[in-house]
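This report refers to the structure that appears directly beneath it.
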Amino acid sequence: MDHAGFLLILLFILASVTASSGCFCDHYPWSSWSYCTKTCGEGTQERTRSVRYDDHWIKNNCARLCQTHESRTCAVEACPIHCQLTDFGPWSECSPCAKKMFRIRSVLRPAQFGGQDCSESLMEERPCHTAKKCQIEPVNCKDKFTCDSGRCIKAVLECNGQNDCLDNSDEKNCGKIKHVCATDRQFAGLPGADLIGNGFDAVAEQMRGAVLDNTYMGEECSLNRSRANRKVYRIPANIENYEIKVRACFSLNQSLNFRTHQVIATSSFRTKSSDLYLSGPFLKFLNSLPLEYNYALYRQIFQLFGTHYFVSGTLGGQYDLLFQYSHEELKSKGMTEEQVKNCVGRQFSIFIFIYSTSSHSTRCGTNKVTTTYEGSFLQTSEKSLSIVKGGRSEYAGALAWERNGAPPDSTTYLDWIKSTIDNPTIIDYELAPLVNLVRGFPCAVTKRRHMERALAEYLATFDSCKCAPCPNNGRPVLAGTECLCICQTGTYGTNCEKRAKDYTSEAVDGYWNCWSSWSACDSSLKRHRTRICNNPAPQRGGKLCQGPERQEEECPISIFQELKKKFNDSLFNITLYYYTTPLIEMLRKVLPYYHFYPERMCSRPTVPEDIIINPGKVEYQVGSSIRVSCSGSGTSPVGPRFYICTSALTWDPPIPHDIYCKAGTFTVQTHPFNITERLQYSQMQKFDYPQLTCYITLKGSTMMMSFCAFHAGRCHGDKLHFMNDGLCKSDVASLDWAKFRASVSEKSSVQEPCGSNTCYEWETCSESTTCVCKYPRDCAKNEEHVYCLNILRLQRKRAMNLCSMAAMKCQGYELEVLNNDECKSS
């Protein structure tokens, strides 16, 4: 091809390109946006271009160059969620101390995103009367000094010139004063000591009433000399360590949203681990708590004094200053982003960051912006916000700068720093449960156990896991019956639904859903619960949930709840009690008229969650067996299906530690038990425990003790009834009959001693000194203690006296007591 032909083709291509790129899309206007598909919760809007297929559209290839359909998100605000409460639970028993009954309901779904809050109360109460006595143990100071207020202090603190009782009763009628410190000089109060003594509600993240009395100085004279202000402070008895040391931490975030965050740490503290002196109101409240568990009364302590107390932390002040600039205004004044950073950084370092060592290579200089606002670049900001915590109010107020006012200078800032030494706030802290303080007063163990139970209910009731996810990674907090969103930097709005122009992240961080219920106790006397990271789940590179997805704790199994006895810290210093040898040794000291024998039991095996153990118990008697199966259909456990508890308190055959479920059917184990172990078990059954007898309570609990211990317990008012000689029988029929027999024994007109047992009117004492049940026909036909019964096997109603009813029950008949009277004709 010659050059002329090539040039002609090239010109034709250029002409085509020019023509195709000449489409004027705005010649075809857009329609209005459609209505949003949702009124809230992020809907979509659409619009289309009004196209006329004229020569311009066709010749300029507009169909390929012009977009004809557009969509956008709308109504991004989350939909309002209205508060919803559960129904009220049943009324509590009448509290003999409060003379009231209570019933509670909880938040099923909190209000959120502008939804209607619940104004109704979560608790109702009504007056009542009960024959029970109010069980509040009186305070007994023993060898300590008793204050007029009833408080106990060490005897050595009397007449020492200090008001240790807080009512000055320890300083009355004193002859010679024995000063604790070498001088009678009055020392300054420790800065922030009152804050350190406050309780803290970890749910609402707010301080509550004082739980520690940090005006109490005790019998030691611990002083702290401050180099910052040359004052001498006396350290309260509750504080183990207090150090005054001023440190500044500064951060500056420079973009079109400038934020300075400055923390001034003036001192650090740590409270003692034990022997803490409680505040008067807190101690009075603890002493007034009833010994019977009542959630409505016990939860008040968390509402008044919080859930935790401070064990260590940092005192000082905090200063946040935020400026937001208009990109369009700065651009119109000829300012580049680098120039803006230099100007803001320089002015910050002049009047705020007096300890700064940074330098700027480019000076701000004079420009249109500083000229307009009399040399202050900070006053050109579109919005400004300042937050000051700690320090004296006059200096903190001077730092709370607004855009239209004059900015504070370095002198104001320096004065504020100095004032944070004597007027600090807590800026960093470590917490411990409030329950740890419940020690050293009457029935402390009993009340501590009730507080632990109430705290678990309180935390579950007001857990932020009930909140819906907040937009833009906002952190939800449940305050009462309403969920609030705490916004991340760069987001704002009532529910963090709005973004700053430079906030472009699409990542969604994960948050936990609520905990599951606790599992049954396993062989190691532990239980567990789980939670799922799906409220929301992490998306688009968001962070995983912080913290464990599984929680394990020791089972709170306490026999003292059934014995209904109250205990002080002087008896023992543990809270949870288990059926173990150390427990029995402790019981022998607490209840000396009983003779306790440790039961020979196998612990429940630890297996994966998808494997079922039948029967499901915490412990198994020697000789009893279990069967394992899988919860999933079409699966069976690998290995044997049956296991027996041996006399060595192990399982035979040994249960594999890695037992798991596998698809398919397995051969059923027809001879699960080792013959040798069967013989050993039968020999163990014949073992002669000296004078060992099994007794049962009205609640169905069995215990083994000597004949003497049984009668000693009866003498003390314990409702114990004979079940059998030797080891306690564990089969259902024996337990059912023994419990029934004990429940009606007090109504029997006959109580005949028979060996270690007592025979009643439906029994006779045999020559071998055992109680043998009569036949129903041998019972006297009297009208005393008549019951209307439903004989389940015959489905027939019949009226019987006590003797006939108990005789039929002894023969194995299943009976249902309809009422304690003649049967009414229907």
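If you go along the chain as it appears here, the first residue is 1 and each next one adds 1.
Each residue, glycine too, has its Cβ placed from N, Cα and C.
These figures come from a predicted structure and were not determined experimentally.
DSSP classifies C165 (disulfide bond) as coil under the three-state reduction. The Cβ of C165 (disulfide bond) lies under 8 Å from the Cβ of F145, C147, D148, S149, R151, I153, E171, each on the same chain and at least six residues away in sequence. If you look up TrEMBL, you'll see C147-C165 (among others) marked as disulfide bond.
If you look up TrEMBL, you'll see C159-C174 (among others) marked as disulfide bond. In the three-state DSSP scheme, C159 (disulfide bond) is classed as coil.
The disulfide bond annotation in TrEMBL covers C602-C645 (among others). Every protein chain considered, the tally of other Cβ atoms within 10 Å of the Cβ of C602 (disulfide bond) stands at 23.
According to TrEMBL, the feature domain 'MACPF' maps to 130-466.
Secondary structure by DSSP for the domain 'Sushi' (600-663): 0 helix, 28 strand, 36 coil. Residues or ranges marked as domain 'Sushi' in TrEMBL: 600-663.
Per TrEMBL, signal peptide is recorded for 1-19.
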To the nearest whole angstrom, what is the C-alpha distance linking C159 (disulfide bond) and C645 (disulfide bond)?
-> 66
So which one is it: of the disulfide-bonded residues C147, C159, C174, C645, which has the fewest other Cβ atoms within 10 Å?
-> C174
Taken over the domain 'Sushi' (600-663), the model's mean pLDDT = 82
Fill in the CA-CA distance, C174 (disulfide bond) to C602 (disulfide bond), as an integer in Å.
-> 64
